[in-house]
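**Student:** Please find one structure pasted underneath; my questions will follow.
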């Protein structure tokens, strides 16, 4: 929208987007006179700041295009429409431009703005619908929505004749679809469902005509064909009558050139953004091949070929995809082509829309709306839903509306419509013509100023048209001067005010509708003075200080204080309680700073404020503390053991730096370590030093820490990592030793030298050894820096031969030192004799105890023993082995099968290998424990004594005989159980304390324990205990007579 130059300021300030708010800004003009006649509306928020303010209808929801299925059980259609406005809008509807009479036609009803259509009929209700929203401000029309009806009629029941062709000839089977709406999808059934025709280079189904094309018929094509159509909305399907396809018997069709039978239209219209599918298929023998090209330019890269190249598919079509496309069909007999034009259109889209506007009567309105589209849109204008016609005051040119000399009757709702042949879009706005007498909201006004300061007296009446403004003081008309100015916005500006400016100022506003006055009483007070002490103070970290702020001001005014640090408000509630605000009198305010930190240094401000004045006084706080971090460390030069470093001074925090400490870190060090320097010490005036006694070929980082009389500060950022130069190794391996190994081996081991002391690349070890009493050394190179062992084998070595051994180091720079000479013995031999007196005893059905004696002392002493055991019916290789942890001479074998004979042998072993096995001994495990649990548990309780009995358990033939019973007792909620043994099938228990106890019984045999009985739960009296706090047991005689009380038992299931 544009505005004439004569009124652009007023118009732009009062034009508002209906869906968003714009905020304007203005700059002051210090000219003493102003001719500006309008009061500006700052934003739409001002315009509609209250719910009570009236405004025209604004659509929240407009009707959308809809497709209704005639097969739907619910014959009701709802077209939605909703608008906001004040007063609340009322609604009506148009169908194809004609009003819908909801009172005369019972099929139509309105719920709020929604139109309900009952018993919908395609004949009556098909068309374009518009919603009309109306209130006292005006009328707006929605976009139009197309209502269509989806249906699919039946095929004609007429029998279709057979199609007879020669083999090799082409054929087109016609679908002749029934009436339908909207689009349908075609497919063909061959002979019977669900056998559908598969499309390939020899079969094509056109989605434009529905016909089936077969360029070269083969015997396998003979059969019955049925066309199936499917509605894309309702998913309804119908089948055509069958069309038989037969072969003639008068010969085979020869080759013939292609003939295009299915192709896209010569002109294809497509909306921007949709997917376009161009069809092209030909008959011919041999079967033709299809190729595509774009006549001007290349086919879009996004395009895809479908159905054996018979369909060119272009997704998300754009304007640049327009043009002529050609499909070509070729075979060995010739070729043919078809060419058509693809034209892409776009619906109108807004570039600029119209906005709500309010203007004074007599002014000029100029609205402009602009839209893009292909074809280019044309424009129409509506006022209150009716076409706006050109008059002497009204001009409409290319989307621009101009109304001269606005009148109150021009108020209302306006709509700009941009449309082309494919669609239309609407932009709505309200035009409000203002006409009111001046009015002031607040009257009178009391204003207080300070001597020597400027003061502004505002005059902002609400009026339309803009009123004329005049000022007077104490009933005398004010004349502008160098010190008193009337600004363009009607504000009275007084420069350098004094007590003589006090008085009553009256602003008078008047227009043709009336007048109003605003009285402002101006009082001028003496300025305020603020003293802050001390103005500059130095403290040390950890100390405290108090800043005192005193103010002198007019006693009739209240004063408030605000403390600032470096021009930012100070929050005394934060920062760990370092700040405390203290005010003992209305004119003083103190700030206490406790346990001062370096970050508390800076400029502190005390701002005193009254309703007329604001004064700031500032003081500087200097904090002495440890130095700040030095600048980043730079490595100037590096050698094998030194590094020359430089850095820059950090802040000294008001206490001179006395010394620097140089630190280094390497991948093998424990964090940062202080290093020796030259010079030593490094004084605070220096910015370089040499780190000495570094290890060669180690990657170091360096940093520097400064110290002053207050303390040590934070370290500098670390230097880049640098590696010292290589040097000959200087550290020999430690803890050289040896021994063990296999027969005829000499095993030498050592602790590896850490990377920190390898001093260069190519690090390795030199292992030197000789038999005691000989002169020459044998030397072997070990090239791995991580190696810890070297083995030397010589068949001539007797076991335990003593050797003198030493281990040295080397790297690419040369050989380093050797370790001290130590004596190392060669390996002894594997055991020569087997263990003797091997015995085995059955412990239970699953355990065997094995005992033996070690072989006679001598070379090849065992370091441990290996026991092998296997079933008598198995081979030894299938058995198991188990080793002792040391030189034990017994072992318990468990996890064995019951009542089974095993063979057991023992052999010794040491680091040299295994010795011979002993002779195998045979041993049988005991029979399995009884599988049946004790049954028929009965009990009698007298106090804390419980008499318990059960039926004896009888062992089966393959089970061990019962030799007694084990009674297990535990208190509920505890894991520990007490165990009692008895040879009888009855016991008397004295329970140790009150509570609930769980009792179960197991049979005991040589084969182990049997299955558990059902659990018995017994509740004893609280507080009753046995004398010694332990469970006491009395065995009952076998013939004891029982009077039994059965409990609720927890009975597990057992196999019989």
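Glycine is no exception: its Cβ is also placed from the backbone N, Cα and C atoms.
Straight out of Swiss-Prot:
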type     : residues : note
REGION   : 1-33     : region 'Disordered'
COMPBIAS : 1-14     : compositional bias 'Low complexity'
COMPBIAS : 22-31    : compositional bias 'Polar residues'
DOMAIN   : 57-142   : domain 'Ig-like C2-type 1'
DOMAIN   : 154-240  : domain 'Ig-like C2-type 2'
DOMAIN   : 258-343  : domain 'Ig-like C2-type 3'
DOMAIN   : 348-432  : domain 'Ig-like C2-type 4'
DOMAIN   : 438-519  : domain 'Ig-like C2-type 5'
DOMAIN   : 527-622  : domain 'Ig-like C2-type 6'
DOMAIN   : 629-727  : domain 'Fibronectin type-III 1'
REGION   : 711-736  : region 'Disordered'
DOMAIN   : 732-829  : domain 'Fibronectin type-III 2'
DOMAIN   : 834-928  : domain 'Fibronectin type-III 3'
DOMAIN   : 933-1023 : domain 'Fibronectin type-III 4'
**Student:** Considering every residue in the domain 'Fibronectin type-III 2' (732-829), what is the mean pLDDT value?
**Tutor:** 91
**Student:** Report yes or no: does the domain 'Ig-like C2-type 1' (57-142) come within contact of the domain 'Ig-like C2-type 4' (348-432), defined as 3 or more CB pairs under 8 Å with a sequence separation of 6 or more?
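**Tutor:** These two segments touch.
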**Student:** Count the residues of the domain 'Fibronectin type-III 2' (732-829) that DSSP assigns to helix (H, G, I), to strand (E, B) and to coil, and report the three numbers in that order.
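**Tutor:** Reading the DSSP string over the domain 'Fibronectin type-III 2' (732-829) gives 3 helix, 49 strand, 46 coil.
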**Student:** How many helix, strand and coil residues does the domain 'Fibronectin type-III 1' (629-727) contain under DSSP?
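**Tutor:** DSSP classes over the domain 'Fibronectin type-III 1' (629-727) add up to 0 helix, 41 strand, 58 coil.
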